[in-house]
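The active site annotation in Swiss-Prot covers His229 and rests on sequence analysis. Residues or ranges marked as disulfide bond in Swiss-Prot: Cys35-Cys50, Cys209-Cys225, Cys335-Cys340, Cys359-Cys368. Residues annotated as N-linked glycosylation site in Swiss-Prot, with sequence analysis given as evidence: Asn246. Summarising the annotation, Swiss-Prot assigns repeat 'PbH1 3' to 215-235. Under the heading repeat 'PbH1 4', Swiss-Prot lists 244-265. Summarising the annotation, Swiss-Prot assigns repeat 'PbH1 6' to 307-352.
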Amino acid sequence: MPSAKPLFCLATLAGAALAAPAPSRVSDFTKRSTCTFTDAATASESKTSCSDIVLKDITVPAGETLNLKDLNDGTTVTFEGTTTWEYEEWDGPLLRISGKDITVTQSSDAVLDGNGAKWWDGEGTNGGKTKPKFFYAHDLDDSKISGLYIKNTPVQAISVESDNLVIEDVTIDNSDGDSEGGHNTDGFDISESTYITITGATVKNQDDCVAINSGENIYFSGGTCSGGHGLSIGSVGGRDDNTVKNVTFIDSTVSDSENGVRIKTVYDATGTVEDITYSNIQLSGISDYGIVIEQDYENGDPTGTPSNGVTISDVTLEDITGSVDSDAVEIYILCGDGSCSDWTMSGIDITGGETSSDCENVPSGASCDQ
């Protein structure tokens with residue numbers, strides 16, 4: 001006879017040995033219980049009966065989400081062992097967690113393995129196989145994600161649409177994709193969010209380490225980014241929310257990447273990029289641009305013709321240092337007519353590459369020539 005799906009509710013078992021309490025007390029007691037799940041279906045079905053959820057060595061069936069949406073306030077989710085996802089072409093996400101005052105963490109040796117190589121074909125989201133996004137941290141408010149080790153996501157790793165979310169000491173390791181066809185493996189994609197703090201992240205990938213498409217009061221500190229497209233804002237424009245405001249990138253490194261620091265806006269769109277700081281960013285092995293700010297993106301690619309519908313103002317670039325490849329451009333600024341204002345640059349020391357002669361409408365306080 002097949003065994004029942006395991007669900008161990010420790011506090012509930014302890015309570016069974018006692019006299020039955022009043023119904024309201026049973027409900028409160030159950031919600032304080034610790035539950036260990038070893039399969040995705042039971043975890044998704046029984047998630048609200050537990051305030052401490054342990055996910056141990058789960059293999060998620062093909063085409064399904066490990067769904068921890070709408071958790072009880074104050075729930076803690078802990079991953080143990082290896083969590084894996086079986087292969088199927090679909091959009092995902094592979095993992096979804098939402099709720100208020102939630103803590104998401106793992107044991108010291110745990111791995112969330114997206115098995116990305118099964119989907120990787122060098123196309124990313126531009127064609128080929130349909131690839132699922134990995135983790136939706138949507139409506140995960142007043143919460144914390146701490147210490148996760150995420151490996152080999154099919155495409156984008158963590159999509160953030162939340163308020164008051166802290167992400168600390170998370171590793172996203174898609175380095176296998178360098179040789180196995182990983183593409184569009186963004187580390188953190190942030191949209192329609194406020195008060196997001198990311199500290200101590202390590203991202204090895206083939207796209208943006210961080211991409212902020214919309215949101216306010218976002219802080220990224222102590223990050224280590226390699227292999228991808230750098231620390232990015234945008235593309236801004238053409239979405240429901242086209243405002244990026246009060247963003248700080250500080251005390252971080254970007255290595256072996258296409259870009260170091262990047263802001264990009266959509267041609268002929270409208271929006272606002274305001275109060276942006278990049279401070280103490282160390283660069284090495286940058287292949288395309290050390291600093292690139294351009295207002296000419298159309299259908300996902302730069303055109304060389306800027307527009308001024310998205311304003312970029314109150315930008316501080318300070319203490320950005322390091323080296324780029326010999327055929328890379330150290331600084332490239334392409335603004336629309338009058339759309340970039342109130343910029344300051346100081347302590348910029350980027351070496352090894354070329355000085356651009358194609359910059360346009362560079363605002364006072366900034367320069368393409370150090």
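Just so you know, glycine gets a Cβ as well, placed from its N, Cα and C.
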Distance [Cα-Cα, Å, rounded] between Cys209 (disulfide bond) and the residue listed as 'N-linked glycosylation site': 19
Rounded to the nearest Å - Cα separation of Asn246 (N-linked glycosylation site) and Cys340 (disulfide bond): 16
For the repeat 'PbH1 4' (244-265), residues assigned helix / strand / coil by DSSP: 0 helix, 19 strand, 3 coil
Cys335 (disulfide bond) to Cys359 (disulfide bond) - Cα separation in whole Å: 8
Nearest of the disulfide-bonded residues (Cys35, Cys340, Cys359, Cys368) to Cys225 (disulfide bond) - Cα to Cα: Cys368
In the chain carrying Cys340 (disulfide bond), residues 6 or more apart in sequence that have Cβ under 8 angstroms from it: Ile293, Gln295, Thr311, Ile312, Ser313, Val315, Ile333, Asn361, Val362, Pro363, Ala366
Cys209 (disulfide bond): secondary structure state under DSSP, collapsed to three categories: coil
Distance from Cys359 (disulfide bond) back to Cys50 (disulfide bond), taken between C-alpha atoms, in Å: 57
Spatial neighbours of Cys368 (disulfide bond) that are distant in sequence (at least 6 apart) but have CB under 8 A: Ile331, Tyr332, Ile333, Thr355, Ser356, Cys359, Val362
Mean of the pLDDT scores, which run from 0 to 100, over the repeat 'PbH1 6' (307-352): 99
Pairwise Cα distance for His229 (active site)/Cys35 (disulfide bond) [Å, integer]: 40
Recorded positions (Cys35, Asn246), the one with most neighbouring Cβ atoms at 10 Å: Cys35
Around the Cβ of Cys209 (disulfide bond), the count of other Cβ atoms that are within 10 Å: 29
Neighbour-count leader, CB within 10 A, disulfide-bonded residues: Cys335, Cys359: Cys335
For the repeat 'PbH1 3' (215-235), residues assigned helix / strand / coil by DSSP: 0 helix, 15 strand, 6 coil
